[in-house]
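J.: The structure under discussion is supplied below as structure tokens; questions concerning it will follow.
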């Protein structure tokens, strides 16, 4: 391989890209570190869904005129508060679990990192299973603690809003997930970490903020999925026909968005420098 164009003045890079993860690493199944990471993903996704869905249910109850009277219109945390709940929980949970599992908490993030060879197929599958189970358990806790409100206020399920086509909903999920996964790649880039020593500590902040911003943009359209586990967990517990009929949007969209983000970061942003370096070395 040729030298990269992003070398420092002395010709030596001040960062090192980690080697790609093996596609299938059977030996990984014998390591406790894998199962510890899977447990961390399960618990983190459970907590994420519990807090966020409880926030959604609470907001809808506080703004219900039949329950809160004339003050309902001014009650609750509002869409801004819901977006903060999602973004804030991602910030907290990524910070807590990044050193154990990488802090994915989202099958779309796991899928994007798998395409970029950051995690093996075995780890990716186990993570996604753990995330989905954690999401179901988290929403089930909300229903258990707020059974009188849960079904009445929609169970926190993602559904395409009235007036929007399925294509619009799909596009919203693709773009929203692209923003999130692109932020994940940028915040965890080893090149960035080498330049700014504080970046590893602050990495959860832009990731959480990306989730917050995407929610502001897409809550009116789809309720904001950008996380298939979040959408599946709510659909399983709520078990409503509308939530199930729209469920494919919240899997296809995020996986497409994650794939585009992975390809953009790995091929356009990072590999272009290597290609330019190879061209120069062969000139």
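Even glycines carry a Cβ here, placed using N, Cα and C.
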J.: Pick from 74-94, 95-115: which range does Swiss-Prot record as transmembrane segment?
T.: 74-94
J.: For the transmembrane segment (125-145), what are the same-chain contacts with Cβ under 8 Å, counting residues 6+ beyond its ends?
T.: 34, 37-39, 41-50, 53-54, 57, 101, 104-107, 110-111, 119, 151, 155-156, 228-230, 232-234, 236-238
J.: Would you confirm whether the transmembrane segment (249-269) and the transmembrane segment (74-94) meet the contact rule of 3 or more C-beta pairs below 8 angstroms, pairs 6 or more apart in sequence?
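T.: Contact criterion not met.
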